[in-house]
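Working notes, beginning with the structure itself.
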Amino acid sequence: MGFLNAFLEFLGFGIGLPFGLLIGFFLFVYSKPKDVKDPVVRPLHELDTDALLDILPDIPLWVKCPDYERVDWLNKFLLDMWPYLDKAICAMIRSTTKPMFAEYIGKYKIEAIEFEHLTLGTLPPIIQGLKVYETMEKDLVMEPAIRWAGNPNIVLVLQLLSVRLRFQTDSASLQLVDLQIFAAPRVALKPLVPTFPCFANIVVSLMERPHVDFGLKILGGDVMSIPGLYRLVQDMIKKQLASLYLWPQTLDIPVLDASTMVIKKPVGILHVKVVRAKKLLKADILGTSDPFVKLSLTGEKLPAKKTTIKKRNLNPEWNENFKLVVKDPESQVLQLQVFDWDKVGGHDRLGMQFVPLKVLTPRETKEFTLDLLKHTNISDSQDKKQRGQIVLELTYVPFREDSIEFSGPLDGNDGRGSASGRSSSGDESLSGAGLLSVIVQGAEDVEGKNHINPYALVLFRGERKRTKKIKKTRDPRWNEEFQFTLDQPPLHELIRIEVMSKRTSFSFRSKESLGHVEINLDDVVHNGRINHKYHLIDSKNGVIHVEIRWITV
């Protein structure tokens, strides 16, 4: 009898517990409070301080923060474009998830996974404010405050053992309701390039964890109302998003192919030693020539390098060294032209020759003895005249591939911006040859007493280089780069940049200084790069934006 009582007690407990939990769940889900009253709607100016603090999270950022701009025009644009954006985004989701679903085909008896229906709904996200940062880099950085209360409709079909299971957001089986997302991502368009649409990549990152709120109904009951489950799901979603896109993690979206970008960075230095020439043509009346050599790399707009002039010599000895900046060693060609110098009129070309850089082995010196040609058409059989030979030594030295990443705060304390870098390990960057690159971006608030047609002069080690002149402006934008190839790092040296103005017509006061700055290059050598705005000396409010890089070989 005791055994029977124990068995009945165990059976009653096993049946009553799950049955009671099930009844309690449905009572909890479907029970509604009876004292719910309609909310009182009042204008903001009638609310007191406590009431305003309660609703502060719902106030748009452009109201609370003066840094954020109101962008009603952009919200109108999203409203009109949303039907097309919805299709484009859903197509991208399908293409992205297709390989992910394919990994599970054949596992766990799964035969197929696919979206039967996928739409983000008819309600577009609302941008509650937009903040744009001023940076020193060639990029555009913005932070939109996005709030989206959407009505998505998603139907996912899973075929398991020839049985199709449907998981959808608009049916009684599984329903996603009251979806709300609030996020303030940082969007960067970089780098800015002179090819439409003028930026190569879109880089997106989250500066803080986004707020995600939604309800999930199964068989008409709201599962998210179960105590503890709502917080657990929210934390799990936030952690997953944070692990993927929380800064410094980023989502990179390429816009332009790398091959379409016309800007190429220097990758090395070509050392050229013009040794001598032999048996050159007689171009002068007295039976001699006054030869000199011009050197240049194809694809460059820089002025050609020139040797000295050897008067009345058909077998000149130069032994002169030159450095040329290389941007593409696979396609660039060294062009050599030998001229006869004339005091009056143009110089006569005695011959020319080409050397493709791809025939050179990096860091290995190679000597060439080349027959001079009349022109580039080597197969021309009509010109059999011997024009002599030229002897030279070539060495291609690529730059070191140091993993240096430059990053700077988006807004400095002084409003002028700043830059910081991480130098390479050891003291190797403090010795050896390299390339000093000076980029004069532009100037602000320059003013002259007589005229304002500004251009910039760069003076370093006796060399003098200048930007183009821009007429009638106090805020010129030059964005021009100047390069100096050096045998040693420019430690304890200064570079002078002066902003000048020049009249367009003849005048006794045709030139005028608008201010200057002298920059110590020690920081450039140690950090590899600086990017600053400098106040111009002898100018009231003038500022010049300069970027300087030091790349070692």
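Placed from the backbone N, Cα and C atoms, the Cβ positions cover glycine too.
Those TrEMBL annotations? Automatic predictions, nothing curated.
According to TrEMBL, the feature transmembrane segment maps to 6-30.
Feature annotation from TrEMBL assigns domain 'SMP-LTD' to 67-256.
As annotated by TrEMBL, domain 'C2' applies to 247-370 (among others).
The region 'Disordered' annotation in TrEMBL covers 405-430.
According to TrEMBL, the feature domain 'C2' maps to 416-534 (among others).
Summarising the annotation, TrEMBL assigns compositional bias 'Low complexity' to 416-430.
Confidence over the domain 'C2' (416-534), given as mean pLDDT on the 0 to 100 scale, stands at 84. Counting residues per DSSP class in helix, strand and coil order gives 9 helix, 58 strand, 52 coil for the domain 'C2' (416-534). The domain 'C2' (247-370): residue composition by secondary structure is 6 helix, 56 strand, 62 coil, according to DSSP.
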